[in-house]
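Taken from Swiss-Prot, the feature Zn(2+) 1 binding site applies to Cys60, Cys62, Cys75, Cys78. Sequence annotations record features per position, and here Swiss-Prot assigns Mg(2+) binding site to Asp535, Asp537, Asp539 based on sequence analysis. Residues or ranges marked as Zn(2+) 2 binding site by Swiss-Prot: Cys890, Cys967, Cys974, Cys977.
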Amino acid sequence: MLDVNFFDELRIGLASAEDIRNWSYGEVKKPETINYRTLKPEKDGLFCEKIFGPTRDWECYCGKYKRVRFKGIICERCGVEVTRAKVRRERMGHIELAAPVTHIWYFKGVPSRLGYLLDLAPKDLEKIIYFAAYVIVGVDEELRHNELSTLEAEMQVEKKTVADQRDADLEARAQKLEADIAELEAEGAKSDVRRKVKDGGEREMRQLRDRAQRELDRLDEIWTTFTKLSVKQLIIDELLYRELVDRYGEYFTGAMGAESIQILMQNFDLDAEAESLRETIRSGKGQKKLRALKRLKVVAAFQTNGNSPMGMVLNAVPVIPPELRPMVQLDGGRFATSDLNDLYRRVINRNNRLKRLIDLGAPEIIVNNEKRMLQESVDALFDNGRRGRPVTGPGNRPLKSLSDLLKGKQGRFRQNLLGKRVDYSGRSVIVVGPQLKLHQCGLPKLMALELFKPFVMKRLVDLNHAQNIKSAKRMVERKRVQVWDVLEEVIAEHPVLLNRAPTLHRLGIQAFEPQLVEGKAIQLHPLVCEAFNADFDGDQMAVHLPLSAEAQAEARILMLSSNNILSPASGRPLAMPRLDMVTGLFHLTRLDEGVTGELVAPTNDEAEQGVYSSPAEAQMAVDRGALSVQAQIKVRLTQQRPPRDLENELFPEGWKYGDGWTATTTLGRVLFNELLPADYPFVNEQMPKKRQATIINDLAERYPMIVVAQTVDKLKDVGFYWATRSGVTVSISDVLVPPEKPAIIEDFEAQADKIEKQYQRGALDKKERNSALVTIWQEATDKVGKAMEAHFPDSNPIPMIVKSGAAGNMTQVRSLAGMKGLVTNPKGEFIPRPIKSSFKEGLTVLEYFINTHGARKGLADTALRTADSGYLTRRLVDVSQDVIVREVDCGTERGIVTTIAEKQADGTMIRDAHVETSTYARTLAADAVDANGTVIVERGHDLGDPAIDALLEAGITTVKVRSVLTCTTGTGVCATCYGRSMATGKLVDIGEAVGIVAAQSIGEPGTQLTMRTFHQGGVAGDDITGGLPRVQELFEARVPKGKAPIADVTGRVQLEDGDRFYKITIVPDDGGEEVVYDKLSKRQRLRVFKHADGRESLLADGDHVEVGQQLMEGAADPHEVLRVMGPRQVQIHLVNEVQEVYRSQGVSIHDKHIEVIVRQMLRRVTIIDSGATEFLPGSLTERAEFESANRRVVAEGGEPAAGRPVLMGITKASLATDSWLSAASFQETTRVLTDAAINCRSDKLIGLKENVIIGKLIPAGTGINRYRNIQVQPTEEARAAAYAVPSYDDQYYSPDGFGQNTGAAVPLDDYGFSNDYR
C-alpha cells in the first residue's frame, strides 16, 4: 500500500482500456459468485481466488499450500497465489467487452462532454449510442468527386428506365381501357356500368403514375443524400441507409452504437478543432460564440493534459475488489450481497451472450439489440437511473451503482472518509459535578477501565501483578482489586476528550482530566455546560481518549476546558456563572435594610454599631447569629484593593497588599471580593448576571487565563453555596396577580367596544379597526405588567430570579401573573383578541386555542431552523476550510477604516455601539494620531480594551485597521491581518484554521435566528426577509427579495410619480449620461434620508444623491453594489448586512469571521479578454493566478488579460474550488468528478478536507509544515541520563525484541499467529 504521507498531490484522469487491463489481475468471465454447496468462490467468477487472491491467509484454493512458508508461490493446480487474504481488498479484475460502450458520465452528464467534443446534440448522440440511427463516420470525398459524373449518368439512366417503363405501362392500360369501353358499347351496356369501368381504369393509371413517382422521388433522395453525405451525419431511415450501402458502399462508411463514436474519436483532430473554435470566438457573435467557448473548454482540456478522449469509450470494464462488494451469509443460511454484484452479473451475462451471437454470425438486428442491452447494463453499473428507468432489485428498489456509492450523506465521501468512527471511545448520560475543578470531569470507573484497558494491562505487567499480557487481560476482565489502584495511577494526568452532539463549534469538544466516580454517568463541570449547550435532562456525551504523547500534549494545551474560557466568536468569556450560581451570588451581594447587626450611627448613649476590625470578626458575628450577611457594616480590609478613586485618595503611591482601609459595605460583598484576585479593585455593589459578566470580561482582558479559571471556579462554588442558603424556590403561591388588574382590563375593554361600534357603523374599515385594537391591547398589557412588577415584594423569589439575570424575563412573569396579551397567528400578524387571563388564573377555551397557534408555529419553526442552520454551517465550512494562517505578516499597507466613537454636538465622545465586533482585537494598520499630531497608538499594535480607551481619551473617532479583506497572502491569511485570536486573546498562531472557526462562529448561533420574514409597517406583500433566510440570501449572493435600486452615479434626482410605479432619473453632476430607473413599484417605499441636523425626509424630486446610495426601502443587490462601488465596498456591505441580522437577535460575532467568508466569495475573476494568456474568455479564475499570469505576460511584452471581479455564492464558490476532492465531497459528486477527470485536475492538498479524505494529518495547527519538519536533538546530558537507566539492555533494540521498551506498537500481523489468536 502507498503511504499517504509521501505524496503532495493527487491527480484524477480518464483511464484508457490499456490502464484498466494493467490494473487487472485477470479477466472475470463467468457471472457466478460462490458455489452453493462448498461456499467457495467459483473459478473465473466474480469472487475468483485466482484473480483476486485467496480467501484465507496463506492458503491456496485447492489446499495444496498452507502456512506462511509458501509465501509468494502460485499453486500449479488451482493457480492461486499464496498470500494474505487482505489483497482481496485491493486487487481488481476486468471484463473484456465484445463491443465498445460509452461511459454514461461523459455522454449523459450536463453538459454532455461527448456532445461538446464531437459537436453533436445529446439527442442525436443518444440515437447513435442506443442503435436508433446510423452515423456516417467516413466519406471518401476524392473518389466520390472523381466518379460523380459517371454515377450521375447511371442515375439518370435508371430514372429514364423508370419513366419509360411508366409511360409504356400507362400506354398499355389506356389501350386496354379503350378496348373494354368499345366492347361494352357494342354490347349496349348501361352508362353507369361504362362509367365504373372507366373510373376503375383511370384509378389504376393514377396508381401506376404514383408508384413511378415514388420510385423517382426515392432515387432523387438517395442521390441527394449521397452527394451531400458528410461525416457525423445521422441517417435515421434504415431502408435509405441500406439502399445507400448497396449502391455506394465503397464511397463511405457508416456505423451505429458506441463503435461509431469510437471511430469518430480516432479520426478527431484536437488541434485543428481548437484552432477553428478560437477563430470562431475571435470573429463570432451571440449564440455561436457562446457555444464555441463551451466547446473549446472541453477540447482544450484534452489538448493540454495528455488525456486521450478515447477514455470516454470503454473496451474493458474494471471489476472492483470483491471485499468491497462482499457476500455475507445471514443466520438463516441465506446470503446478503452488495448490489454491485447484481449489476456486474448483468454485464457479464449480456457480454457472454453477445460474444456467442457474434461467433454464430447472427443477423445484424439481433446483434445490435444485444449490444444496446450491454450498453444499458454498463450504464446501470456506473450510474443507475441516470438514463431511463433504473434497474431494480427485489421489492422494486433501485440498485446502488458505483456513482451512488460516492454520492450524498451515506456515500463513501461523507460517511466513511470525512466522518469515521473512532476506537477508544465511549458514551454515557451526563450528570452535574459541582465538586469538580474547571479542568476535571467525572469518569465512571467501568468506562475508564475499558477505555484505559491496554494501559492498565501494561502497567500490571510492569508492576509484576501479572506474568504476561494474557493474564493481565484476564485480571482486568475479572476486575481484581489491584486493577483499580493501577487504573487510578494510569489515568493521572491523562486528559480525555468529551464531546456533545451536535458539535456546532469547536467548544463542543473539550479536554478534561478524568476523576474516577462510582455509578455509570459522566460528571460534567457546570461552567462548561454553556459551551456544550448541555443540560442534565438526559443528554449524553461521548468520551475519546488521546493516545500518543503528542495527542495528549495537544489536548492539554489547546483543548483543556480551562484554556477555553473565551468564545471564539466574540472573544468574551463563555464559562460564566449561570442559573443557580447567579442567583447565589446575587443573594450574597444584596444589601437589605432593617436586618440584624446593621450599621447604626453613634448616639450619646451608645457607640457605633456594626463596625468590625476585619472580615474574620464579622464572620464570627454571623456564626453566632448577631449579623446578617446582607446587613450594611463598616469593616477594615487589608487584603483587598480599594476602588480606583478611593485608592488615588488614600494611597497616592498605590496600594500594596496589607495596607488597611475601611469600607462601608456588606459582609456578603466582602466575601464576594475575596473570590477575585487580590489586586482587583473592590466591587461594592449588587451582582446581577450582567455585572458578573463585566467583571469576568475584565479579568480575561487583564489577567492570565489560569487566574480567570481559578476565579470562575471559586465563583461557582460560592454561588452554589449561597444559592442553597438563599432558599430561592418557586411555588404557585409566589405568583401574585396584581389587584388592579380587573380595573385596568375593564377600562380598556370599554375603549375596545368603542372601536368595535365605530367599525360596525362603517366609520372604520377592517384594517383600521385591527390596528386600533392592537394598539389598545398592547397598552393594556404594558399597564398590567407595570402593576404586576410594582405589586411583587422584594423578597419574592420570582422577581429575584429575573432581576438577578439567572433565568426568564418580565414578559414571561407577566404571562404567569399578569396577562398574556396579544399573540400572533402563523402569518406573524397580531390576532386582535387579547388573552386577558394569566396562566395562574387559567385560560378560557378560546384563549387557549388562540395561544396554541403561536406555540405550534414556534415548535415547527425550531425544527426547520435546526436543519437549515446545519446546512448553512456545512456550506460555510466548505467554502472557508482552506483559510489557514500561513505567515506572520504579509506586509501590506492596506486596511479598512472603522469607527470607534462619534462626536456629539457638545464635543463629547460617545463610544460606537459596535466597537466590540469591529475594531476590538484587530491590528492597527496606520499610526493613530490625535489632533496635535501625537502618536497615541503605533502601527502594528493590538487593539484591546486598554488601547481603545486610550484612543477615545485622545479624541480619535476612526482608525485604520488591518483586515483579512485586504490581506495579500497567497493562500490563507497572515496573522497580522487577522489580528488576535478571539479565543486566546493573543495574536493568532500560525497554523490556526481561522476559516473553520469563522464558519462555526457564524453557523452556531444560526438556530437562534428567526425563520420568519418580518412584516414592515405599511409594506404589504413584499416582505422584508429577516433572520436565517436573510443570512442565506447574503452568503449565497442571491438577488434579494424586494431589492432596492442604488444610485449608479452622483447627481440630482428627478422623481416622476405614476399611478402604480415611480420613475427615477439621476442627472449626473459631471454632465454624463442620465441614468433612468423605470417601473419601480409603489408597494416599496422611497428611501428615508437622515440629514445632518437630525431631520428625516423621504427621497424627493431635486434631492442630491451620492453614488451607491439606496433609492428605495429594501435590500440592495450585492452584485449591483459590486458593479457600481467595487469589490471593497461590496465586502463591507455584506459584512454589515449579515451583522444586522445577528445583532437584531442579540448575538455577538466579530466582523473578522464574516470577513473571512466574504473574502472567499470574492476570490475569483471572470476573464473578459484573454490577451496573450492561456485563459479562456468567460472562464473563472483565482485572482492570485490571474495577477501572476498577467505579470508574466507583461514581463514578456505581451498583452495582459482583462477580467472583472465576480461575487460568488458560498455553494458555487465551494464547487469552484481548486481541490476536486473537496468539491466532490461537498455536492454534485458525479458532476465534479466528471469535470475533474476530463481536465486531468490535480489536487495540491492545501485545504483540510482533502487531507482528511486521504488520511493525512491536516495542514493546520501542529500539522502545518513549519511545525512538522522539526527534529529534536537531545543534549549530551539528556543522552547520558537516558542511557544510565540500567534496564535498557542492548537486546531490546535488536530486531526481534518484540517491541519491548521501544514504545513502538507491536505489528502482530507479522508474527505467524493463526487468525483465532486475535
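First residue shown is number 1, and so on along the chain.
Here the Cβ of each residue, glycine as well, is placed from N, Cα and C on the backbone.
The structure, with features from Swiss-Prot marked on it.
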residue	record	DSSP (3 states)
Cys60	Zn(2+) 1 binding site	coil
Cys75	Zn(2+) 1 binding site	coil
Asp535	Mg(2+) binding site	coil
Cys967	Zn(2+) 2 binding site	coil
Cys974	Zn(2+) 2 binding site	strand
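Cβ environment of Cys78 (Zn(2+) 1 binding site): Lys43, Glu49, Lys50, Cys60, Tyr61, Cys62, Lys64 lie under 8 Å away, each six or more residues apart in the same chain. According to DSSP, Cys890 (Zn(2+) 2 binding site) is assigned to coil rather than to any helix or strand. When the binding-site residues Asp535, Asp537, Asp539 are compared by the number of other CB atoms within 10 angstroms of each CB, Asp537 has the fewest.
Residues near Cys890 (Zn(2+) 2 binding site) in space but far in sequence (CB under 8 A, at least 6 apart, same chain), listed by position: Cys967, Thr968, Thr969, Val973, Cys974, Thr976, Cys977. Ranking the binding-site residues Cys62, Cys75, Cys967, Cys974 by how many Cβ atoms sit within 10 Å of each one's Cβ puts Cys967 at the top. In this structure, the binding-site residues Cys60, Cys977 were compared by how many other Cβ atoms lie within 10 Å of their Cβ, and the smallest count belongs to Cys60. Comparing Asp539 (Mg(2+) binding site) with Cys75 (Zn(2+) 1 binding site), their Cα atoms are 58 Å apart once rounded. Between the CA atoms of Asp535 (Mg(2+) binding site) and Cys75 (Zn(2+) 1 binding site) there is a gap of 64 Å. Other than the site residues Asp535, Asp537, Asp539, same-chain residues with C-beta atoms no more than 8 angstroms from the centre of those residues' C-beta atoms, the Mg(2+) site, are Ile430, Ala534, Phe536, Gly538. If you measure from the Cα atom of Asp537 (Mg(2+) binding site) to that of Cys75 (Zn(2+) 1 binding site), you get 64 Å. The Zn(2+) 1 site is defined by Cys60, Cys62, Cys75, Cys78, and by the 8 Å test on Cβ atoms against their centroid, the other residues of the chain that qualify are Tyr61, Gly63, Lys64, Tyr65, Glu76, Arg77, Gly79, Val80.
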